[in-house]
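Asker: The structure is given below, and queries will be raised subsequently.
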Amino acid sequence: MAKYNNNSNASKATNLKQQVVLPTYTLDSNLVLLPGIMYNVTFSRFKAAALLYRYKNFISQVSIINNLLNEYDFNSGNTNEEERFEAEQKLEQPETYHEINPSVISPEAVEGIKEFFQYETGMKTGRGVEKGVKSTQNDAIKEFDWLTLAIIPNLEKIKNPETNSSAGDGSSSSKVVTVARIVGIVDDTTNIKLTLQAITRGVQIKDDGKNNHHKRGLKTNEQVIGIDWNHNVSDLKGKFTTLQKNYQQLFQSIDKFLIDYREALDYNKNNSNNNNNNNNNRNGNLSLIKGNSTTYSNNKNYDDKPNQDIKSQNLLTLNPLANALYMQLVGSKDFNKAFHRLQKLFSQVIQGDEYKIDNETYLRLVDLTCGILPFPNFQKLALLNEYKLDDRSILINEMMSQLIQIFGNLQTNTSFVNSWFHSEATNIQKATVVANQLKSIRNLLEGMTKNRPIKPNKRNSGPASSAPSFSNGKTPPARPKVNHHQDGSHGHDSDYDNNDDDDDGDEDLKAIFNFIKHKLPTISSLSADSKRLILKDFKRVKASANSPGGGGNSDFHVLRNYLEIVMDIPWDNYVTKFKSNKDIDLKLAKKQLDDDHYGLEHVKKRLIQYLVVLKLLGINAEKDQALQSKDEENSKNPAHSDSNSNSNCNSNSRSLTKSPTSSLASKTPSSIVIANNDETYLAKQQAKTRNQKSITEAKTNVSTKMVPSNESIQVSKNNKSPIIMLAGPPGTGKTSLAKSIASALGRNFQRISLGGIKDESEIRGHRRTYVGAMPGLLIQALRKSRCMNPVILLDEIDKVIGGNSGGVNKFNGDPSAALLEVLDPEQNNTFIDHYLGFPVDLSQVIFICTANDPWNMTRPLLDRLEMIEIGAYDYNEKLIIGKKYLLPRQIKRNGFPVTKVGKNNTGNQDEFIKINDDTMKKVILDYTRGEAGVRNFERRLGTLCRFKAVEYCEWLNKDIKNYNPIIDENDLPIYLGVPYSSGDVTTEGTVGVGVVHGLSYNSDGSGSVLVFESIGFDRRISNGNKEHNGGDGSGGNGATLNMTGRLGEVLMESGKIGLVFIKSMIYKNILKFDNNNNNNTNRHLLLDKYNNLDIHMHVPMGSVSKDGPSAGVTMALSFLSVLLDKPVPSDIAMTGEITLRGIVLPIGGVKEKLMGAHLNANIKRMIVPRENRKDLIKEYSRSIEEAGEVLDHHLINDLIKDNEDNEFKLTQVEDYYQNKYGISLFYAKEFYDIIKIVWNEDEVLLKENNSRLLEYHI
């Protein structure tokens, strides 16, 4: 037996009744909301926006609601003329005017929602009302908790079949409401589906002014609601026993009914010898009882075991009552789920002695039973109106008993009919019964056809369509309305509205028909030819559907899929964060970018520039529109000025808000218990009244100027969206930066990964002739984003197979060439997807491409992109990023309860994990060494957080006494293991001959120091004749060079060039070899040594491939060191390409190489090409901006001008890097400059021949 608990938690509270002011809303449908159930209710976009607008001050953080509210301008009174007209014509209720021009909730309603939330929290937590109020006074109410309102049933639409009157007739109409909360919202681009959670009952209390708390300030859509939180049920055990008995009988009756009904349906499919056990195991069987059930109820007036022939030919399916009950029981999957959930709740209550049935559970079972089982709405309303608990218990038992009796009578009547029809009736009587059934069905169908609502004549549908406006705002000359569109220039209205029996068509075609009829004429981004092609395909679909065999042919399915995809594209739907272009908040956008990413000022500048251009275009467009309207008004005929002015006013007002015509939707199925489709009625009526105007604008080619339908969300067509490529090493934030850009602009974001794509059809789509053809990735991205101006990230564009990558299959096309049209601002406004077959405007899409090695791309594609290079981060930047972004994110991801407070939203994170700067710097240098980005750095921080999460849980479980949130350097080996080898091993040691330090740019985007080791062997020593030929240099076969270390072809060629240049220096007698000899002897000695020298050069870390020309000067200096037998100082690193004339050419990756030199403790001086100083000036200015300091633009200009001189005088750049990295910078324009920096000039070069150096200078 179950245990009963009459003392609920609510009884501990001293005051269980409250009166609060709540916003109210009256449904348009006959839906009745019972507490404890979640309802999915479908609204038109306008109605949903009007309802949510009342809470706009509390839901500003919910993006989907903000996007919906941006479609309508409820602040101005001239934007909803047609909505006002339709509401007055259809609703005819003064209390519904607030849905036309809604207002925000009053302060009294705000306090009412707070008080209700406090009471509700106290009841949920079991702490009582008083403790619940105290505990929630300082807690912030979440966004969706504010969406609390009182739902008033629509009594006019709930009919009582016994009295044939509505529930609102008479003076005894109930004042009971359902207090509900909006807990979910889904935007399907046509309608809005709100999920309502019914919480409790309430009673409307008339505000007579005596109550000072609610004396003033209430609005027409607000009401004082009395709520009783007392859930004490007298004689709980007895009442639950009665409810349990009735529910068992009812569930057995339903289960047996479903079994018999399915047997009747499956008569032609199943063998007549199948028994009830097999039927219980069929798919979709809503079986509630384990084992067989032989009765509908306890009524035994019929035969429990009828004849097998009679049972196999059951006439149950001919009974209208049986059909109605069956459709309600198995008509939707959501009902199945709810039905099984109700059964599970009852089984949990009655199983075991440890489970306690309390008052709240019992009352919830009462409401759930009424809400889920197939009771009519007038009975559900009656149960809702039973505010007293005892009366509610009596009513639910009576309702269940009536339903049990209905199932019993149905079985008795069916058994009688089966027995008579199969055993006693003659063939003539059977035929008569069947004929009467068919006649009744035919009469019913004829009645349904006659009673169908007559379509209004759109040419005479009221003021909204009496004077349709053309696209330029002008009104056409008056003419008889019957000949309004018979000029023949663009066809007739029958092209879009030529089917008066659209309701008789296929259910699958209704949504397509609504799109063709109502939405397609209003699409401004489609040309007339494109609309003609779509309309032609639609006619083919209708012809195929109406042909013999229906839609069974393949052409029908291909065309239907095509039209469904065309319908799903968000035509003319533009989403933005700002109300209008002129209202763009540049500071807010800049703050959003700064909050998401550190540094990257050059990228942020480009986006701010784009927003500034949009803002200026919005301001100028408003001025131009005002001037144009004034000029048109002055040029009009004065006799028609008044009417034209009114027409223009209406046209302008409609252009400021998104037309609800686009909100027409096909009926959506119910989600949990009931989905209310009648909420879209107003939107459908509005679409009908404006259909004629839309068709006129779509077909009339009067003006080519596009007038935006919603100035607040549609960007200017005169401005092309930027097409940016972010080029940089992995892990530098390119992908996340693209997401931040979309967030700053308030646009939807879509990512397309292009890595490995080798088929052109992936970009352009497949032609419809192929089986399973689909649009390309770009059209699919538009469908997913639900707007025509998203931010689309083309990730890894340099890894597209094709173009310069090689290996492309000619039969599949070149996908990189297909991107040329997409990424060209002058062409992408007419991008043609092979599947669609007509142009699509992509000019408002912001394309952001990412690449690691952009030079792998084809030159035409690279020329179309605005490339912004993102370099590697130095460890100071990584330190700031780790403290400000990565560590707080990892702490939150690993489950620590951090509160978002403070300047950087770090909250109380130091209570859980605290890492000082030295420890974090050690993680960067020792555990993520050589990384250009911060990806591995974040992984390491995540590892630290996971270790600390384990310790924190052990402390919570009291397994350890204390929890220490601090992580110092000594803890890193415990958590992260042994650090990586530093890589400085090869650079350590004493100064050696032929050992020179070079700088490299690694494939991961980082920089490092490479050691070039050269050893020379004099062949004269091995032959024993060092003084061969008296030192005239004529002996030997020339120097030989052998290079190892997995070197590339370009690097090996640079080494040979360097060696040849050393030889040219010997021939020109520039080098000094022996101070005791004259110049000629000096040259002969050097040449003789050179010709008998075998040089072997090796670059350590042989497993790593190395290539590039930037090591030319390094290898040349190494060879010269071996030849002159002079060591090179170990604190110098250099980079630069060398030519045969000794000129040092500029190289790339200077910043990364500078960082690599800085991370090596032995390097104090760095030699770079002279031409690379301008790169250092650029990096210097960028570093100043990213550090947040004010950049002196006059100084930058002075630095650039000073750099043009051979001997520059301004050294701010060198001083900056000396202070920041501890590296002294030297510049070399030719190889002789390197010799002067490394060695003493007098020791290496001959003074007599110094003047000859000018011959080789450039």
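Just so it is clear, glycine is given a Cβ too, placed from its N, Cα and C backbone atoms.
From Swiss-Prot, for reference:
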- 22-404: domain 'Lon N-terminal' (DOMAIN)
- 270-296: region 'Disordered' (REGION)
- 270-285: compositional bias 'Low complexity' (COMPBIAS)
- 447-503: region 'Disordered' (REGION)
- 459-474: compositional bias 'Polar residues' (COMPBIAS)
- 484-495: compositional bias 'Basic and acidic residues' (COMPBIAS)
- 627-670: region 'Disordered' (REGION)
- 641-655: compositional bias 'Low complexity' (COMPBIAS)
- 656-670: compositional bias 'Polar residues' (COMPBIAS)
- Gly728, Pro729, Pro730, Gly731, Thr732, Gly733, Lys734, Thr735: ATP binding site (BINDING)
- 990-1241: domain 'Lon proteolytic' (DOMAIN)
- Ser1110: active site (ACT_SITE)
- Lys1153: active site (ACT_SITE)
Asker: In sequence order, which same-chain residues at least six apart have a C-beta under 8 angstroms from Thr732 (ATP binding site)?
Answerer: Ile870, Gly871, Ala872, Tyr873, Ala932, Gly933, Val934, Gly1005
Asker: Just name the winner among Gly728, Gly733 (the binding-site residues) by count of other CB atoms within 10 A of its CB.
Answerer: Gly733
Asker: I need the CA-to-CA distance for Thr735 (ATP binding site) versus Ser1110 (active site), whole Å please.
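Answerer: Each residue's Cα considered, Thr735 (ATP binding site) and Ser1110 (active site) end up 30 Å apart.
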Asker: Taking the centroid of the Cβ atoms of Gly728, Pro729, Pro730, Gly731, Thr732, Gly733, Lys734, Thr735 as the ATP site, which other residues of that chain lie with their Cβ within 8 Å of it, listed in sequence order?
Answerer: Leu726, Thr850, Asn852, Ile870, Ala932, Gly933, Arg935, Gly1005
Asker: Give the sequence-ordered list of residues that share a chain with Lys734 (ATP binding site), lie 6 or more positions from it, and have CB atoms under 8 Å from its CB.
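Answerer: Correct list: Leu726, Gly728, Thr850, Ile870.
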Asker: Quick one: mean pLDDT on the domain 'Lon N-terminal' (22-404)?
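Answerer: The average pLDDT of the model in the domain 'Lon N-terminal' (22-404) works out to 72.
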Asker: Determine, to the nearest whole angstrom, how far the Cα atom of Pro729 (ATP binding site) is from the Cα atom of Lys1153 (active site).
Answerer: 14
Asker: Say you check the Cα of Lys1153 (active site) against those of the recorded positions Gly731, Gly733, Ser1110; which is nearest?
Answerer: Ser1110
Asker: Round to a whole number and give the Cα-to-Cα distance in Å for the pair Pro730 (ATP binding site) and Ser1110 (active site).
Answerer: 22
Asker: Let's check the environment of Ser1110 (active site): how many other CB atoms sit within 10 Å of its CB?
Answerer: 28
Asker: Cβ-Cβ under 8 Å from Gly731 (ATP binding site), same chain, 6 or more residues apart: which ones?
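Answerer: Residues satisfying the criterion: Glu931, Ala932, Gly933, Val934, Arg935, Asn936.
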Asker: State the count of C-beta atoms found within 10 angstroms of the C-beta of Pro729 (ATP binding site), not counting that atom itself.
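Answerer: The answer is 22.
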Asker: Let me check the 10 A CB neighbour count of Lys1153 (active site). How many other CB atoms are there?
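Answerer: Taking every protein chain into account, the count is 27.
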Asker: Looking only at C-alpha atoms, tell me how far Gly733 (ATP binding site) is from Ser1110 (active site), rounded to the nearest Å.
Answerer: 28
Asker: DSSP on Gly731 (ATP binding site), three-state: which is it?
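Answerer: DSSP call for Gly731 (ATP binding site): coil, neither helix nor strand.
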Asker: Where does Ser1110 (active site) sit by DSSP, helix, strand or coil?
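Answerer: Coil, per DSSP.
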